[in-house]
Every structure is written in structure tokens, then in C-alpha cells.
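Asker: What follows is a structure written as C-alpha cells; I'll ask about it next.
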């Protein structure tokens, strides 16, 4: 069986429900999906209203034994995961298998920091929300309802960005050196280039 290509999505700047709906569909179709930077996901509506909604959800519990559920996740990645779960038939084998194909992370941990990350235009806030509309960040909401790792995630993200800057500078320098080297040997290999062109090996 062919290896299923992993779809790596950058959650920053996407709307929670719209992104969750698209991810839910993809995992049901058999794609493996990884969503990074879940703390940067947006929720439409002002922050205060969203916080009140989440605090109301925190009050939902089993009176006789709260440890039996419902479970209230505090991390942005788990809040997003639960949103996707609500859009899947997760109590069936098919739904459970689909949910197993989804991975969610706060920040961008290795090896995904070295991979190309994609966006979903249909779920982007700048595309779907009017500029005047209010919105909230999932990371801030999570922090105010009990997520303890906002500062840790922010520090790790800063370190990752610094590393990425250094890597990009080196890459640019290598490209520049390669171009310079090609220019330097261009005249020396002219006669060989002509021979290769006559044989149709170079266009």
C-alpha cells in the first residue's frame, strides 16, 4: 500500500470551526493531518463572550463523580482536537480511525519545524471575517481558563524563529555563492556546453 502523504497545517490565523470542519472531512477521507501552532487559532466574536461560553462549559460535570466526565481540556491543541472530534462519528470504528489520523500541537515541535506548512484559504480569518468584526485568540482563552504553558510555548517559538532566521541566511548565502561559481566557470565550459547542446543533452 502506498504511503499516505501527511498534510501539515499551520493553525495561526484560521477560524476554529471552519478549520475543524475541513480537517474532519480530510481525516474521514483517509488523509493524515497534523495541525501546528494551535494557540494562534482565532475564534469569531469578542474575547469576553467566548470566555463566558467556555466557563459555562467548565460547569458541566457529573455531580456524583466529576472524574467520570465530561473532560474539559485547557490546552489550545486539545480544545481544537475536541472540536474536530465533535464533527466526527467518533464512537464508531470509522470515526475512531479518522481521529487517530489527526495530530495537534501547540507551537511547532520537531520534525514539523523543518517541513513545509500549508494554510486553508477557506478557513482564514482575513478571508472569512469582515475587518470590523471582533475575534479572540484560542491561546489567550486557554491561558485564562487554566492552560499553564503559554509562556513556555512562546519562549520555544522565539527560539525556533531565531534558528529559522539563521538557517535562511545561510541558505541565501549558499545560493549566492552557487550563482557566483556558475558565473565564474561559464566561459571555461562554453565549448563543452556547445557539444552537449548539439547532442541534445542540454536545452
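We count from 1, first residue shown onward.
Yeah, the Cβs are placed from backbone N, Cα and C, and that goes for glycine too.
Swiss-Prot lists these features:
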- 2: N-acetylalanine (MOD_RES)
- 59: citrulline (MOD_RES)
- 77: phosphoserine (MOD_RES)
- 140: citrulline (MOD_RES)
- 191: N6-acetyllysine (MOD_RES)
Asker: Looking at the modified residues 59, 77, 191, which has the shortest Cα distance to residue 140 (citrulline)?
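Answerer: Among 59, 77, 191, 77.
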Asker: Of 59, 140, 191, which of the modified residues has the most Cβ neighbours inside 10 Å?
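Answerer: Of the modified residues 59, 140, 191, the highest Cβ count within 10 Å belongs to 140.
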Asker: Looking only at C-alpha atoms, tell me how far residue 59 (citrulline) is from residue 77 (phosphoserine), rounded to the nearest Å.
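Answerer: Computed Cα spacing between residue 59 (citrulline) and residue 77 (phosphoserine) is 21 Å.
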Asker: In angstrom units, rounded to an integer, how far apart are the Cα atoms of residue 191 (N6-acetyllysine) and the residue listed as 'phosphoserine'?
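Answerer: That separation, Cα to Cα, works out to 60 Å.
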Asker: Helix, strand or coil by DSSP: which one applies to residue 59 (citrulline)?
Answerer: coil
